[in-house]
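First the structure, in the form of structure tokens, and then the observations on it.
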Amino acid sequence: MPVQHRTTVVGNTSTLKSPVGILRILEVIFACVTFSLVVHTGRWTGRIGDLCMFCWCFCFAVSLVILIVEFTGVQNRMPVSWKNFPITFAMYAVLMCLSATVIYPLQYLEDKAYSSEVRNYQIVAIVFSCLTTLAYIIEVSLTRAKPGEVTGYMATTPGLLKVLETFIACIIFVFISDPPLYDRHDALKWCLAVYCICFILSIVVIILCVGECTGWLPCAFNKFLSGYALLAVLMYASAMIIWPIFSFDRKHGGTASRPSNCRSSPGNLYAVCEWDKMVAVAVLTAVNLIAYVMDLVYSARLIFITV
């Protein structure tokens, strides 16, 4: 009789039993439950619903891929730096899931036309979205660089700030582009240039770190980071001054007070009146300026980095 050979699948189960591995399993489960409940209710149509659904599904898919890669032990074969990619994704996942957790109930729970059963499903989905966000927050806190630890740049405070800076810039682009709020004066176009240039440079830094391409730079990576952070602070400081002046000062064609016909939907980014959008851009500009100042301070203190 022919001898039958039993196929044994060997995997790195220790990664799944570690605190970070358990967190990633919970992230996959929580995200899956969240978008499954939302799909079951059928209450996610429109651009806002699509955005929330994309956040949950994207985080679920990438977390599952990370679990599979670490279980099979093929991190070294991946075309990305495994010291930088998981923490970068986890930070983006925190911001994406947090945004979806805030936006979804504002957009859909305020509608009283839904039955109590549908609302119950929506509430449970929001709870699981909160749990998903919390799991990613804990993962970031566990995997970020500790004092004195040599790790990937994206696990350091400046690396995490880069993720925050790009995410805030994306929100600014949403508010500033539909309708265009920068067409009224050339000074506002300068502000748009500031947001675009700093966003692109931050994305380039993230790509260089995740792709392990920092050696391509014509200068030392830490000097490039410090110089870029200083440039970003100066540019955002100018935007922080220029945007309010040319948006709210009547002498420069702005609107000082909120118009009486200004109506906004708190959960719909696309249904916010122009004046509220201008306020949001001013606030987000200030927040990003603070982030870049912190980035500059930490980058100046970061002496030795292994990417």
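Cβ atoms here come from the backbone N, Cα and C positions, even for glycine.
Computed from a predicted structure; not experimentally measured.
Lifted from Swiss-Prot, the feature list:
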DOMAIN    15-148  domain 'MARVEL 1'
DOMAIN    153-304  domain 'MARVEL 2'
TRANSMEM  19-39  transmembrane segment
TRANSMEM  51-71  transmembrane segment
TRANSMEM  85-105  transmembrane segment
TRANSMEM  123-143  transmembrane segment
TRANSMEM  156-176  transmembrane segment
TRANSMEM  190-210  transmembrane segment
TRANSMEM  228-248  transmembrane segment
TRANSMEM  278-298  transmembrane segment
Exercise. Do you know the DSSP helix, strand and coil residue counts for the domain 'MARVEL 1' (15-148)?
Worked result: 108 helix, 0 strand, 26 coil
Seminar exercise, completed: Same-chain residues at least 6 beyond the ends of the transmembrane segment (190-210) with a Cβ under 8 Å from one of its Cβ atoms are 80-81, 84-85, 88, 152-154, 159, 162-163, 165-166, 169-170, 172-173, 176, 182, 216-217, 221, 225, 228, 232, 235-236, 238-239, 242-243, 285, 288, 292, 307
Exercise. Taking every residue in the domain 'MARVEL 2' (153-304), what is their average pLDDT?
Worked result: 86
